[in-house]
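Colleague: Let me give you the structure first, and then I'll get to my questions.
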């Protein structure tokens, strides 16, 4: 029993040894007289056909400012080496072996548009060689490729970047580089949070140079990337729209509140801050202005214009008759036509189309005419009493003497007196008229001051109403402009949601 156990144990231990010997013998036979500088073709006039496939793993980052794309990918090379063919039955049914990179011939295919400091950023893995002579090599790598970033529609932009692979020293007659079937493999692709990948394409090109008649083939693997807009819409666009809409609140704020200018300047500074963020994201190029930058610039123009109009509104609101006269054109436009168009109602004024004055009329309005007519009527009615002024002035001396002599009552005044035209006049009547004249004179002064005060107050109210009209007009105009410009700018984008 012990002898049988010993024989079985020896057989088990000897099996892997024989297998290892077969593999060693295979390596020795394959490497005998093998030169890794020799192209693996039986006829030197034939090209080595190399098939290349890219297995995309992840888009790590897109640096718009430096126009560099960071990608994690595996390169899949296959070609046939006629020097590495064996009969697997002679070598213990070994179907494949591994060789380190550099041990056997490999194509000098490089990434032309690499911006890595080492240029070739692949990890040199082992090559798998099959008994049929097929060589399979899959070097992974983190690639940094240059890509021209088109920021015209940022953040609703689509970028088309590519890998350009080609032989560095072999022309097309010595190395024929071809894209493999299913040239761009995205079965293991990890989705990126910022970029969607709706399409990948492969294209083979042949380029001829003036120095050489041979073609130089290359293979382009294109990445059609579309930016996801949720982040920018939620963190930049919506806050900017809401901030811009706050400028409309400035036109509804009363001028006496004293915060109209403060609000507009605060909004302007906020828009400038958002614009600085966009400028930091965008590459320093003058070829195009990003769509988001156009939107922010438009918002900044709106806020700047609203600040200017706010200053103008405050200037109108605090004008007085001592400093400014309202011209007829300004009066007709701001007090009648625009309020009628905007359906603004002023207490005590009923505006209809029939009552509107001509826009360029220089005649005073009806309210001014009635006010002037009332003043003239009052002066005319009071001037009738002035007919007695001459007689009163003729007899003023007598009245003064009578008062100085102690004649304190009308009964002590002479009953008759000769007037300037030689007629006899009742002295008591003259004294009464004199007192009434003095009362009239004082009332005239008071009335004049009241009328002047009313006119000044009316003029100030006109300026304040004109400021209110400009405020309301700006509210409507800026609201329409903000809505139309926002829709127009974003409607021109190739897409809104990725």
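Quick reminder: no glycine exception, Cβ is built from N, Cα and C everywhere.
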Colleague: Just to confirm what the record says: which one of 43, 421 has N-linked glycosylation site annotated in Swiss-Prot?
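Modeller: Record lookup in Swiss-Prot returns N-linked glycosylation site for 43.
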Colleague: Quick one: does Swiss-Prot have residue 230 and residue 318 on the same side of the membrane?
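Modeller: In Swiss-Prot, residue 230 is across the membrane from residue 318.
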Colleague: Write down the single range among 195-214, 295-314, 315-334 that appears in Swiss-Prot as transmembrane segment.
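Modeller: Matching range for transmembrane segment: 295-314.
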Colleague: Which candidate in 93, 350 appears in Swiss-Prot with the annotation N-linked glycosylation site?
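Modeller: That would be 93, per the N-linked glycosylation site annotation in Swiss-Prot.
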Colleague: Do you know which of 147-165, 166-184, 261-279, 356-374 Swiss-Prot annotates as transmembrane segment?
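Modeller: That would be 261-279, per the transmembrane segment entry in Swiss-Prot.
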Colleague: Who are the long-range neighbours of the transmembrane segment (261-279) in its own chain, taking Cβ under 8 Å and residues 6 or more past its ends?
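Modeller: Result: 154, 236, 239-240, 243-244, 246-247, 249-250, 253, 290, 292-293, 296-297, 299-300, 303-304, 306-307, 310-311, 314.
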Colleague: Same-chain Cβ contacts of the transmembrane segment (473-493) under 8 Å, 6 or more residues past its ends?
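Modeller: For the transmembrane segment (473-493), the sequence-distant neighbours (Cβ-Cβ under 8 Å, at least 6 residues beyond its ends) are 153, 156, 241, 244-245, 247-248, 251-252, 291, 294-295, 298-299, 302, 305-306, 309, 313, 338, 342.
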Colleague: Would you kindly list the residues that approach the transmembrane segment (231-252) from elsewhere in its chain, counting only those six or more residues past its ends and only Cβ-Cβ distances under 8 Å?
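Modeller: Counting only partners 6 or more residues beyond its ends, the transmembrane segment (231-252) has Cβ contacts under 8 Å with 155, 194, 260, 263-264, 267, 270-271, 274, 277-278, 292, 295-296, 299, 302-303, 306, 309-310, 313, 471-472, 474-475, 478-479, 482, 486.
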Colleague: Counting only residues 6+ apart in the same chain, whose Cβ is under 8 Å from the Cβ of residue 147 (disulfide bond)?
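Modeller: 62, 67, 68, 69, 113, 159, 161, 162 - these are the non-local Cβ neighbours of residue 147 (disulfide bond), listed in sequence order.
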Colleague: For residue 93 (N-linked glycosylation site) and residue 212 (disulfide bond), determine the Cα separation and express it in whole Å.
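Modeller: Computed Cα spacing between residue 93 (N-linked glycosylation site) and residue 212 (disulfide bond) is 47 Å.
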Colleague: Validating a neighbour-count step here. Other CB atoms within 10 A of the CB of residue 161 (disulfide bond): how many?
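Modeller: By my count, 21.
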Colleague: Test of understanding: give the count of other CB atoms lying within 10 angstroms of the CB of residue 212 (disulfide bond).
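Modeller: Taking every protein chain into account, the count is 9.
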Colleague: How big is the gap, in Å, between the Cα of residue 212 (disulfide bond) and that of residue 43 (N-linked glycosylation site), rounded to a whole number?
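Modeller: For residue 212 (disulfide bond) versus residue 43 (N-linked glycosylation site), the Cα atoms are 22 Å apart.
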